[in-house]
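Enquirer: The structure under discussion is supplied below as structure tokens; questions concerning it will follow.
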Amino acid sequence: LMVNSNYYAMDLLYVLPTHIQAARAGNTVHAILLYRRKLDREEIKPIRLLGSTIPLCSAQWERMFNTSRIPGEETDTIQHMRDSKHIVVYHRGRYFKVWLYHDGRLLKPREMEQQMQRILDNTSEPQPGEARLAALTAGDRVPWARCRQAYFGRGKNKQSLDAVEKAAFFVTLDETEQGYRTEDPDTSMDSYAKSLLHGQCYDRWFDKSFTFVVFKNGKIGINAEHSWADAPIMAHLWE
């Protein structure tokens, strides 16, 4: 999927609300979840083609969240959950399960920021085999399908993989700084694009409907899996 099928979207080039990584992550995760709530309540109006009165079919929106592509030896399948109350956050080789609600109430941006800051401040080391696990989603599908069957079919590994695959979406708190730099536009845009397209190859979960990336300097972007919908669907959320 990586670089061949998945695509990416960048942040606004000239606008940066904050350089604080946790604040940008908290605010944007909250905003994305407000969009999900609108989607669940069927409050998003169907898109009309330019100058047309005919609305486009909205079926593609259905699997934007709580969705993962599952590798298979013959063919991949799409697993979609009706709801998900957590996200999975990747930082410095470690995976964190972050709950999105407290007493049935969606966490506020500030509360979400505090969760992100706790992850950034956490100095624990990755468990054996944890740091580069997502590389399995970057390579060929058949070895990943067999590996998933052999090593993630039961016990703790299955629970951990379930947490990732059943998350609302995947978040990476990236350790690099990206974005457009006027003094070196070509190199900076190249670096930004490549980071969103493949990163380190093990710090994006390429099977998730989308991976939301927050860079160290507060810039953001997404890497999206292509099979569940066309790119304009993702673009609607992003805009």
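Cβ from N, Cα, C; glycine included.
Note: TrEMBL annotation is automatic and uncurated.
Summarising the annotation, TrEMBL assigns active site, proton acceptor to H226. The domain 'Choline/carnitine acyltransferase' annotation in TrEMBL covers 1-239.
I'd like these features described in context: how deep, what's nearby, how far apart.
Expert: Within 10 Å of the C-beta of H226 (active site, proton acceptor) we count 15 further C-beta atoms, all protein chains included.
Within the model, the domain 'Choline/carnitine acyltransferase' (1-239) carries an average pLDDT of 96.
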